[in-house]
Amino acid sequence: MFWKDGQPFQIIGGDLHYFRVLPEYWEDRLLKAKALGLNTIQTYVPWNLHEPKPGKLVFEGIADIVSFLKLCHKLGFLVMLRPGPYICAEWDLGGFPAWLLAIEPAIRLRSSDPAFLHLVEGWWAILLQKVAPLLYENGGPVIMVQIENEYGSYGNDKAYLHQLVTFARSHLGDDIILYTTDGGTRETLERGTISGDAVFSAVDFTTGDEPWPIFQLQKKFNAPGKSPPLSAEFYTGWLTHWGEKLAETDADFTAAALEKILARNGSAVLYMAHGGTNFGFYNGANTGGTESDYKPDLTSYDYDAPIRETGDVNNAKFKAIRSVIKKYSAKSLPSVPPNKEKAGYGPIDLQKKEFLFDILNRINSIGIVKSETPISMESVGQMFGFLLYVSEYAAKADGSVLSIPKVHDRAQVFISCSSEDNGGRPIFVGTMERWSNQTLGLPKIKCISNISLYVLVENMGRVNYGSYIFDRKGILSSVYLDGRILKGWKMLSFPYNNLNEVPKTNPVIAYSESIEKSARRKAKENVSKEPSFYAGHFSIDKENDIKDTFISFNGWGKGIAFVNEFNIGRYWPMRGPQCSLYVPAPVLKQGENVVVVLELESPSPKLVIHSVDQPDFTCQLTSQTSNEDQVN
């Protein structure tokens with residue numbers, strides 16, 4: 001077992017990520033973790049949340065890690081900290097800032113590349129100086145700090161791991177326990193661990209696998225007498241990609257697997273104790289066997305964990321796990337706090353405010369990047385959201401064929417003719433997707449002038465695991481028109497509020513301020529496939545009526561949504577399974593609450609969304625869903 005203050009100690013922990021929970025709810029979720037029987041909280045630290053642009057540091061609000069660690073301490077938790085620099089976590093780019101992808105010559109992530117290590121050293125110098133006063137030896141809660149994350153599943157660059165140890169020791173001293181976590185196979189442990197007794201090796205493995213043979217293997221990668229069995233990621237559920245059935249695991253099966261570890265003095269950390277939400281644009285993605293076999297994660301990170309996305313604990317899994325932990329806990333467990341109340345505020349009528357392309361008339365030409373060939377989002381300096389690529393071509397009598405071999409991740413294609421009667425409104429042609437990339441026929445239109453080509457590319461979340469994590473976004477190849485390379489491009493950014501950034505020029509704020517305070521009006525607007533902004537509002541009369549809610553997008557297509565200018569994430573009910581987005585009460589206020597929606601392709605004809613009191617993960621897969629989306 002582990003030893004703490006001269007006594008044997010069993011770690012019964014759980015992952016709970018501060019960056020997936022509003023700060024106002026940290027204490028609620030931690031108290032529920034306490035009631036579950038946990039004595040330790042494990043959390044990742046996403047570099048991209050804290051340094052969204054080089055040298056721009058964010059440590060307030062949802063990024064206030066010091067306050068989170070102090071709160072853990074106040075509530076009697078120990079902390080296992082996982083500062084990466086790579087964290088996986090189903091989080092955009094595994095926590096790396098996307099601006100790393102814009103550096104030329106390209107750096108090698110997760111390696112001993114000196115250019116990469118120099119940047120990691122700078123980041124850790126800032127982060128670990130904040131952590132050092134919170135180490136256990138200094139009276140704080142942090143008992144262990146992880147080096148990298150499941151590196152044995154990725155690489156074999158021992159010089160990289162040793163350098164990270166050197167960085168950590170230089171800021172945290174020699175007494176803190178450093179640890180690695182790797183899959184419980186000989187191959188992954190050989191590649192991901194650091195020999196000797198300077199770094200402790202922990203394991204993770206599929207829930208239901210026999211734990212003790214794996215713990216015996218773990219011993220071979222630790223110094224003699226220094227291998228307390230630790231499953232650093234005991235999976236309570238699993239992640240879900242868009243287009244898949246919601247991942248769920250059996251409560252009794254999960255609890256029985258945990259008991260096999262705890263009954264023999266093994267230690268375990270539940271992954272996840274509480275999943276939370278991928279607010280903003282921060283969801284990650286996975287790939288299959290190829291880079292184009294791309295599977296982005298849902299906005300919800302519920303994970304089928306015992307403490308649900310909303311903090312609910314009145315469920316079979318919480319009860320089953322708690323009853324197991326209760327048998328082995330050194331202390332009696334506190335009573336279970338109640339679930340947060342939910343409210344449905346009813347239908348919300350939306351008004352169409354503007355076509356997305358109308359913003360082009362207001363964009364300062366300084367913000368336009370010109371290039372002979374398309375360049376990536378990261379190289380333009382926009383890390384999240386959408387980038388518009390604009391070019392032009394001469395009309396042909398029988399139309400043209402468009403090919404974009406490499407688009408990350410989803411492109412909507414439009415054409416327009418400025419000499420036409422409709423004033424050159426863009427006409428939707430079709431969609432090109434990373435996972436089913438096809439050529440696109442451009443229709444023949446009579447046009448005296450050149451035809452304008454618009455390609456709106458959505459970054460749907462960077463790959464966070466595996467060999468394809470160097471996941472630049474946008475158009476990453478030449479664009480071919482009838483087999484010939486199309487040259488002469490303009491790139492236009494559309495920045496929106498993210499968790500840690502609010503851009504200066506911001507349509508969300510403008511629409512929020514210009515909501516017509518009119519009675520409910522039925523919109524008889526021509527519904528087009530052109531991306532558009534919609535806005536509406538709902539009222540909460542009394543402060544006591546402010547509760548958690550969900551916005552249901554049933555009947556809508558695909559887009560992003562903001563409540564009171566807070567980015568509640570992506571919706572895609574056409575693909576499913578998630579139909580509604582969680583809106584925690586701290587986002588809401590007494591009086592008028594404003595919802596702004598960017599719908600990319602097919603608004604509900606009635607232009608109504610609904611505030612409801614239950615989550616909904618029952619949206620069906622559409623008939624167009626590609627086969628790879630049905631692989632779990």
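Think of each number as a place in line: the chain as shown, counted from 1.
Just so it is clear, glycine is given a Cβ too, placed from its N, Cα and C backbone atoms.
TrEMBL has this to say about the protein:
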type	residues	note
ACT_SITE	E150	active site, proton donor
ACT_SITE	E233	active site, nucleophile
DOMAIN	2-327	domain 'Glycoside hydrolase 35 catalytic'
DOMAIN	374-493	domain 'Beta-galactosidase 1-like first all-beta'
DOMAIN	531-593	domain 'Beta-galactosidase galactose-binding'
Next on the checklist: Using DSSP, what is the helix/strand/coil residue split across the domain 'Beta-galactosidase 1-like first all-beta' (374-493)?
Outcome noted: 7 helix, 51 strand, 62 coil
Checklist outcome for this item: For the domain 'Beta-galactosidase galactose-binding' (531-593), the DSSP helix/strand/coil residue counts are 6 helix, 32 strand, 25 coil
Item to check | Tertiary neighbours of E150 (active site, proton donor) (same chain, Cβ under 8 Å, six or more apart) | outcome: C88, T181, D182, G183, T188, G192, D204
Next on the checklist: Below 8 Å Cβ to Cβ and six or more residues apart, same chain only. Which residues does that give for E233 (active site, nucleophile)?
Outcome noted: D15, T181, D204, V269, Y271
